[in-house]
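Please read through the structure below; I'll follow up with questions.
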Amino acid sequence: MSDSVSISVPYRNLRKEIELETVTKHRQNESGSSSFSESASPSNHSDSADGESVSKNCSLVTLVLSCTVAAGVQFGWALQLSLLTPYIQTLGISHAFSSFIWLCGPITGLVVQPFVGIWSDKCTSKYGRRRPFILVGSFMISIAVIIIGFSADIGYLLGDSKEHCSTFKGTRTRAAVVFIIGFWLLDLANNTVQGPARALLADLSGPDQRNTANAVFCLWMAIGNILGFSAGASGKWQEWFPFLTSRACCAACGNLKAAFLLAVVFLTICTLVTIYFAKEIPFTSNKPTRIQDSAPLLDDLQSKGLEHSKLNNGTANGIKYERVERDTDEQFGNSENEHQDETYVDGPGSVLVNLLTSLRHLPPAMHSVLIVMALTWLSWFPFFLFDTDWMGREVYHGDPTGDSLHMELYDQGVREGALGLLLNSVVLGISSFLIEPMCQRMGARVVWALSNFTVFACMAGTAVISLMSLSDDKNGIEYIMRGNETTRTAAVIVFALLGFPLAITYSVPFSVTAEVTADSGGGQGLAIGVLNLAIVIPQMIVSLGAGPWDQLFGGGNLPAFVLASVAAFAAGVIALQRLPTLSSSFKSTGFHIG
């Protein structure tokens with residue numbers, strides 16, 4: 001296009017020809033300016049002729065060491081996923097309301113990530129744009145997990161019951177409030193770290209290193225998951241560190257406290273390694289932000305870029321653009337105002353509004369993607385919330401607020417559930433290598449549908465296992481103590497098998513979105529943001545409704561799991577009927593919900 005201009009929009013690539021023209025023009029006008037020569041140098045982090053953040057690849061060792069923080073964050077997330085729903089019930093919060101605490105995840109993900117993304121893009125710290133946020137976020141995670149681990153002791157000091165925790169079965173209100181504060185702070189901190197950590201890797205990796213960088217990042221996440229679930233499954237920490245138990249903090253609490261203190265040590269080491277080896281070049285505020293500075297390592301979604309002639313004020317792809325007119329000869333006359341005419345209202349509020357209003361401008365096929373994605377997460381989130389609780393209650397017949405015998409059975413089930421989640425992570429990691437050939441052979445539409453049908457079968461399997469386990473009650477407590485190895489083994493197998501569809505859920509929908517929106521230019525990045533809405537809104541629905549829904553049918557986790565099975569089946573059917581047939585090409589993507 002002969003008179004196209006580059007404009008400032010969030011997450012965008014500047015047109016190659018425009019940047020080349022800019023460099024040529026500026027060199028002609030100010031060839032003696034050392035400052036420009038420095039900024040136009042191919043080695044500069046922010047400016048390069050090809051529009052990449054880094055024009056020269058960094059070493060593989062640097063890439064590997066620069067994203068170790070992913071393992072530290074994931075370690076804590078694994079403990080959060082496996083231990084915290086059971087633990088909040090030991091503080092007296094009923095099962096019906098235990099799901100409410102998980103509201104913080106989708107809310108902070110929806111609100112915090114746009115703020116952190118924009119602030120890190122504009123950060124002019126001498127330590128770089130991403131590392132300050134990673135450091136602060138990691139510190140917040142450490143504070144949060146310490147608050148959670150010591151919530152019972154803090155509540156005791158603030159006036160909770162002085163009765164020993166082994167005999168007191170009531171609600172410890174102050175401890176529960178402290179726990180919830182720590183839980184929300186933990187989710188906020190997780191979202192503070194994860195976005196800048198991925199953006200840092202995008203900053204450091206060269207154009208031909210994106211797939212490698214993404215694989216390394218996902219590998220560290222898998223390592224963190226495996227270590228975290230292993231820590232949660234041990235159940236022996238309070239025996240190795242008996243001084244962590246107290247009058248307010250019994251065995252389960254001491255185990256949680258020790259595991260989280262280990263998480264603090266591990267996260268600190270990982271963060272320091274990342275901070276040391278990730279060499280960022282400080283950002284100069286008078287330079288426009290590039291797409292790669294903020295792009296997640298999903299795909300080169302903005303490869304087509306935005307092309308606009310001189311625009312009147314208007315809307316395209318759900319984003320409001322202002323008229324951009326300038327004379328090329330005058331553009332470089334005043335370097336101080338070089339980019340003042342490139343304007344975009346990029347506040348966090350504007351980002352959220354754009355995400356909502358852009359629903360009208362998405363390709364028709366994208367609406368089907370959003371429906372399938374929403375149903376997919378309606379099927380997954382009940383499992384994320386209640387997996388180990390289900391193992392402790394339905395499979396092991398335990399009760400977190402019962403007598404010592406039932407509490408021991410419950411704790412044993414929770415540890416077994418954490419072991420199942422460990423196997424789930426292993427299967428997920430192995431399955432991630434199979435997704436690409438499967439998509440090339442069957443197509444992404446069929447693969448996504450297959451994953452949902454697998455979830456349907458597994459969640460239906462939890463119902464069968466629950467009914468089989470409940471039939472053991474008539475055999476008496478001694479039989480329950482010995483346990484039915486068939487049902488317990490089957491439950492662990494279900495946990496492990498769910499790693500296969502989870503790997504697909506973490507990758508294929510984003511590649512489908514990339515292909516469906518491939519012809520919409522800059523709308524692709526916005527479509528990924530809209531896809532996130534199809535994740536967080538179902539999470540909010542499940543967080544608010546799962547506990548009361550279970551209570552409506554007498555308690556337990558079976559009602560929510562049955563509903564999840566129905567949602568998974570519906571997602572599979574709609575995926576086969578409504579999703580478009582896509583090309584067989586597939587680029588693996590990485591994703592995490594936290």
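Along the chain as shown, residues are numbered 1 onward.
Using the three backbone atoms N, Cα and C, a Cβ is placed for every residue, glycine included.
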From the set N57, N190, N484, which residue is assigned the annotation N-linked glycosylation site by Swiss-Prot?
N484
With respect to the membrane, does Swiss-Prot record C123 and P400 on the same side?
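Opposite sides, per Swiss-Prot.
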I need to check the long-range neighbours of the transmembrane segment (446-466): which residues 6 or more away from its ends have a CB within less than 8 Å of a CB in the stretch?
372, 375-376, 379-380, 383, 390, 394-395, 435, 438-439, 487, 490-491, 494, 497-498, 500-501, 504-505, 508-509, 512, 556-558, 561-562, 564-565, 568-569, 571-573, 575-576, 579
Is it the case that the transmembrane segment (366-386) and the transmembrane segment (490-510) touch, counting contact as three or more CB pairs under 8 Å in which the residues of each pair are 6 or more positions apart?
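Touching, yes - the transmembrane segment (366-386) and the transmembrane segment (490-510) meet the threshold of 3 or more Cβ pairs under 8 Å.
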Check for me, if you would, whether the transmembrane segment (526-546) reaches the transmembrane segment (175-195) - at least 3 Cβ pairs under 8 Å, residues 6 or more apart in sequence.
no
Counting only pairs at least 6 apart in sequence, do the transmembrane segment (258-278) and the transmembrane segment (215-235) share 3+ Cβ pairs under 8 Å?
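In this chain the transmembrane segment (258-278) contacts the transmembrane segment (215-235) - 3 or more Cβ pairs sit under 8 Å.
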Ranking 59-79, 99-119, 490-510, 556-576 by the number of C-beta pairs under 8 Å to the transmembrane segment (418-438), which range is first?
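Ranked by Cβ pairs under 8 Å, first place goes to 490-510.
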Under 8 Å between C-beta atoms and at least six residues away from its ends: which parts of the chain pack against the transmembrane segment (215-235)?
63-64, 67-68, 70-79, 82-83, 197-198, 201, 255, 259, 262-263, 266, 297, 411-412, 414-416, 418-419, 421-422, 425-426, 428-429, 432, 588, 590, 592
Residues of the same chain, at least six outside the transmembrane segment (490-510), with any C-beta under 8 angstroms of its C-beta?
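Contacts of the transmembrane segment (490-510) (Cβ under 8 Å, skipping residues fewer than 6 from its ends): 298-299, 369, 372-373, 376, 380, 383, 387, 391, 395, 416-417, 419-421, 423-432, 435, 439, 444, 447-448, 450-452, 454-455, 458, 461-462, 465, 528, 531, 586, 588-592.
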